[in-house]
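Undergrad: I have a structure here, written as structure tokens, and I will follow up with some questions on it.
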Amino acid sequence: GLALGAALGGLALHIGTAGAYLTVLAFDAVAFAGCALLLARLPEPGRVTAPAPEGGGPAPAPSVLRDGPYALVAALNMVLLLRMPLISVAVPLWIAEHTTAPGWTVSALLVLNTGAVMLFQVRTAAAVRDLPSAVRTVRGGGVLMLVSCAVFAGSALDAPLWALFAVLLVAAGLQVWGEMRQSAGAWQIGFDLAPAGRQGQYQGFFGAGVAVARMLGPLLLTTLIVTWGPPGWLVLGALFLGAGAAMGPAVRRAERGRPTAPVAASVRPSGPPWTDRFRPSGPPSADRFRPSGRPSTGR
């Protein structure tokens with residue numbers, strides 16, 4: 001859906017007439033109405049009533065907010081989730097304000113992003129089997145995001161249009177590669193560090209990073225990228241690199257403090273995550289618009 005919308009938006013930008021813009025907006029409105037009709041046909045879920053606790057039962061487990069090591073891991077993941085508003089908000093503004101690329105370039109990069117996720121997210125997540133492999137995957141994602149930011153910064157240089165377009169494609173390709181690695185690794189980390197029987201509470205906290213990144217990310221990224229220009233890209237890349245590198249020590253600390261064994265692999269969802277921007281703000285995800293789990297990044 002996102003890829004189709006981006007393609008239609010790029011076509012409207014290329015035509016550049018009021019009729020083209022209005023046609024795309026009308027198509028979008030019809031699509032929303034169609035989704036509403038589909039949702040209206042779904043059966044309502046039955047009400048589930050939790051059993052009342054019996055007297056003398058075990059004391060309730062402490063809140064996830066008291067689990068400092070897990071909160072640190074979630075905070076580092078939230079920094080890495082800034083990739084979500086990056087491709088959907090910051091990159092379009094960067095292209096419009098700091099490069100000579102045509103407007104439809106934004107649509108092309110979004111199509112590249114969503115297409116790469118559909119084709120390679122499952123394959124990327126297949127390498128994640130446990131906490132050590134998840135940490136390596138997230139750390140590698142931070143390195144890729146740093147390189148992507150550096151290449152995006154280079155797109156501000158004067159260059160022929162074909163060269164500029166190639167630079168932006170390379171930067172977007174590195175970005176979505178790092179995005180897929182972060183998404184796959186974060187999914188495993190978020191589940192494995194949560195105590196057995198408390199997955200809901202911990203995953204709700206971990207997944208809140210998606211909402212925070214979407215809320216604060218546009219303000220931070222527009223300041224860094226649109227206002228600061230190329231130096232801002234390098235600062236952002238350093239943030240990604242630092243958060244990815246710090247994930248290893250943070251995970252090891254959280255793992256040592258687990259009161260119970262992590263949930264067995266057999267009870268975790270077996271499918272790899274889609275990028276976060278296509279998913280609700282549940283654990284952990286791209287966008288900015290995609291599901292957040294073992295998986296979608298957004299877009």
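Backbone N, Cα and C define each Cβ position, glycine as well.
A TrEMBL annotation is a machine prediction, not a hand-curated record.
Not my notes, these are from TrEMBL:
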type	residues	note
REGION	254-299	region 'Disordered'
TRANSMEM	20-40	transmembrane segment
TRANSMEM	70-95	transmembrane segment
TRANSMEM	101-122	transmembrane segment
TRANSMEM	134-153	transmembrane segment
TRANSMEM	159-178	transmembrane segment
TRANSMEM	205-226	transmembrane segment
TRANSMEM	232-251	transmembrane segment
Undergrad: When you check the transmembrane segment (101-122) against the transmembrane segment (232-251), do you get at least 3 Cβ pairs under 8 Å, counting only pairs 6 or more apart in sequence?
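TA: These two stretches do not touch.
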Undergrad: List, by number or range, the same-chain residues at least 6 past the transmembrane segment (232-251) whose CB is under 8 A from its CB atoms?
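TA: Here the qualifying positions are 69, 72-73, 76-77, 79-80, 82-83, 86, 131, 134-135, 138-143, 145-150, 152-153, 178, 182, 185, 189, 193, 221, 223-226.
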Undergrad: If we skip the immediate neighbours and take only residues 6+ beyond the ends of the transmembrane segment (70-95), which ones have a Cβ under 8 Å from one of its Cβ atoms?
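TA: Residues 64, 101, 103, 105-106, 109-110, 113, 138, 141-142, 145, 152, 155, 168, 172, 175-176, 178-179, 182, 186, 189-190, 193-194, 202, 205-206, 208-210, 212-214, 217-218, 220-222, 224-226, 236, 239-240, 242-244, 246-247, 250-251, 253-254, 276-277, 284-289, 297-299 contact the transmembrane segment (70-95) from elsewhere in the chain.
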